[in-house]
Ligand SMILES: Nc1nc2c(ncn2[C@@H]2O[C@H](COP(=O)(O)OP(=O)(O)OP(=O)(O)O)[C@@H](O)[C@H]2O)c(=O)[nH]1
Ligand SMILES: C[S@@+](CC[C@H](N)C(=O)[O-])C[C@H]1O[C@@H](n2cnc3c(N)ncnc32)[C@H](O)[C@@H]1O
Ligand code: SF4
Ligand code: SF4
């Protein structure tokens, strides 16, 4: 690393979350509701997407400013053709310590081995229920649980690290909290419960749909006693717990009730090459056009450094005081920026 940049709140730039496509084969109601993301939805045409070479070049510039962790996301990242080639290219970039991918798991079984061979370290698979009927409704396309579980097991068998993410919504899948905890405890995979967030403009978020993490802990602890575990690293998003007397962990991502903006080290790159300083940002800064217009690495580096240096975003910490006005502000969609 040549230089570590800090933002206006003294937060270092450490992670880059790269969205490789805005398309997805699911239509999760909380992310890409089918009524809005219908057959005529104007997804990005291929020429507007950053190429693998462009993503790799930008990754190298980000690592020279302090980034060590890369997360590949989307849309559904496995909808991007030849994704393993991109992983192979990013793996070669100096300073990249960890490459993870967030996926809905539906295409994972057929790609797990090539992704591992290309240099992917770990996957986080999103799964909100073990009940086929509920899961089919949540994903909006009738996909079955079995297909995702096969993807999870294929990833583990290929030697990838595996975590499971479950977005919890009251009245939608809160009855799945305990079955999910029991199942993944038995399987030995880390399950993380995510508080449903007001991302984007289309998911019709209401505060009473959020199940606070402390309620989830209480519920699980009553059946399977838990004890807290210290964070793995500065700015870890999940609070960790383990089942008492075991090494088996769960995580709670409390972005609504216990915001973690004060240690947020994450920059985001959208599929068309805009840099976002926050998951809830309205505007991103275009890097693609300057890159295609021939900007040098040094000039791009200065541009990215300047964007991070003036960053003061802390949306989640301010959310509650802003809650009445939340829906009036136009934010980037989660499927666009990648979560
Ligand atoms: N508000 C907010 N939520 C976030 C942020 N980063 C992640 N999340 C939420 O947490 C979920 C899980 O994110 P992951 O990328 O799996 O978590 P992570 O903590 O980066 O993963 P590890 O690297 O395995 O620790 C996302 O899908 C979002 O819902 C963030 O910066 N702000
Ligand atoms: C936008 S998806 C992209 C990657 C991939 N398609 C997937 O679903 O894993 C990334 C993560 O964001 C989470 N997510 C989407 N909308 C959310 C919301 N409103 N609140 C909390 N998490 C959300 C998803 O559950 C998923 O774990
Ligand atoms: S959460 Fe992931 S799988 Fe669901 S619609 Fe969004 S991008 Fe697709
Ligand atoms: S709300 Fe924005 S600043 Fe806060 S943790 Fe999330 S991405 Fe970071």
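Every residue gets a Cβ built from N, Cα and C, even glycine.
All annotation found in TrEMBL is predicted automatically rather than curated by experts.
Computed from a predicted structure; not experimentally measured.
Taken from TrEMBL, the feature domain 'Radical SAM core' applies to 8-227.
In the three-state DSSP assignment, the secondary structure recorded for residue 267 (GTP binding site) is strand. Taking the Cβ of residue 267 (GTP binding site) as reference, residues of its chain lying under 8 Å away and at least six apart in sequence are, in sequence order, 13, 15, 16, 17, 62, 67, 275, 276, 277, 308. Under the heading GTP binding site, TrEMBL lists 17, 71, 102, 163, 266, 267, 268.
Annotation comment: TrEMBL describes 24, 28, 31 as [4Fe-4S] cluster 1 binding site. Around the Cβ of residue 24 ([4Fe-4S] cluster 1 binding site), 23 further Cβ atoms fall within 10 Å across all displayed protein chains. Classification of residue 24 ([4Fe-4S] cluster 1 binding site) by DSSP places it in coil, neither helical nor stranded.
Around the Cβ of residue 197 (S-adenosyl-L-methionine binding site), the same chain contributes 205, 255, 256, 279, 316, each under 8 angstroms and 6 or more positions distant in sequence. Annotation source TrEMBL lists S-adenosyl-L-methionine binding site at 30, 75, 126, 197.
Just so you know, the Cβ of residue 264 ([4Fe-4S] cluster 2 binding site) picks up 24 other Cβ atoms within 10 Å once every protein chain is counted. Per TrEMBL, the feature [4Fe-4S] cluster 2 binding site maps to 261, 264, 278.
In this structure, 75 are the binding-site residues from 75, 163, 261, 264 whose C-beta falls under 6 Å of some atom of ligand 3. In the vicinity of ligand 2, defined as a Cβ distance under 6 Å, the following of the binding-site residues 30, 31, 102, 126, 197, 268 are placed: 30, 31, 102, 126, 197. Of all the binding-site residues listed (17, 75, 126, 261), 75 sits in the most crowded Cβ setting, with the most other Cβ atoms within 10 Å. Taking residue 24 ([4Fe-4S] cluster 1 binding site) as the reference point, the binding-site residues whose C-alpha atoms are within 10 Å of its C-alpha, out of 75, 102, 126, are 75.
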